Amino acid sequence: MPLLLFLFLIWIAGFETVTYMLQVMFFFWYKTNLQIRFLEDWINFKKLMFDYCGYQGGITHQDFAGHKGTIHTGDVQWMTAGRGIIHSEMPAGEGEQKGLQLWINLSSQDKMIEPGYQELLSDDIKTAEKDGVEVRIIAGKSMGVQSPVYTRTPTMYLDFTLKPRAQMNQSIPESWNGFVYIIEGEGVFGKPASSPVTAHHVLVLGPGDGLSVWNRSSKPLRFVLIAGQPINEPVVQYGPFVMNTQAEIDQTIEDYHYSKNGFEMAKYWRSQ
């Protein structure tokens, strides 16, 4: 797939974030060493699937239904917000925290399902390796290995590490949208003659059925490849709420405000 370079950096109170909206999904990378509760008290979500993958440090999460846990380096939490969920997130311990969050839109037929979680410890994530290329298969399939994570919106989430001088090709369904986020190192993406791209850049995939990558440097290259099947439905977003029409957004805001239709447990809940 030919690639278009896209970079959007925001600096907010010590947070280095990279954000990208690609029709089906919203991508968020953060890095911070603040010793405060950086997502204070609660956050509400509705009509989304939400993935958190820890790359350094940890995050403690809890929600209004009583779920609570901590995601450490390399662990993955895949949360489906569905008809509504309110939860909190805060750093687990001191030191620098790094993580990646991916928000995935649900189709209209799935927007009112019950919330749910899938959690994978780092040791449980499927991996594959060949010719200097290692991949952690968080969602989807690579090198013949399938992730156990179920995604209602068909999704590929692959965490690649290429040793120096290694190269690879990953097939991607031709109709899907996708992007690459480079975590560390530099690589050549798309075509052999392309210019190298360095860490903390986003590459948006163009038409095609695969991605080729070359690591011509003397250091490892690590990046995530994320792609998904377009839903091809209208999208109306307000804050954390994602629906298909403005009327549905208005109803969702009312549901949240009056603690109904998915937010019944929210009225008196506060994070610990």
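Each Cβ is built from the backbone N, Cα and C atoms, and glycine gets one as well.
Over in TrEMBL, the protein carries these features:
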type: DOMAIN; residues: 55-104; note: domain 'Pirin N-terminal'
type: DOMAIN; residues: 157-261; note: domain 'Pirin C-terminal'
type: TRANSMEM; residues: 6-30; note: transmembrane segment
> So, by DSSP, how many helix, strand and coil residues make up the domain 'Pirin C-terminal' (157-261)?
Replying inline: 12 helix, 48 strand, 45 coil
>> Let's see if you can do this one: DSSP helix, strand and coil counts over the domain 'Pirin N-terminal' (55-104), in that order.
In response: 0 helix, 33 strand, 17 coil
> In the predicted model, what is the mean pLDDT computed over the domain 'Pirin C-terminal' (157-261)?
Replying inline: 92
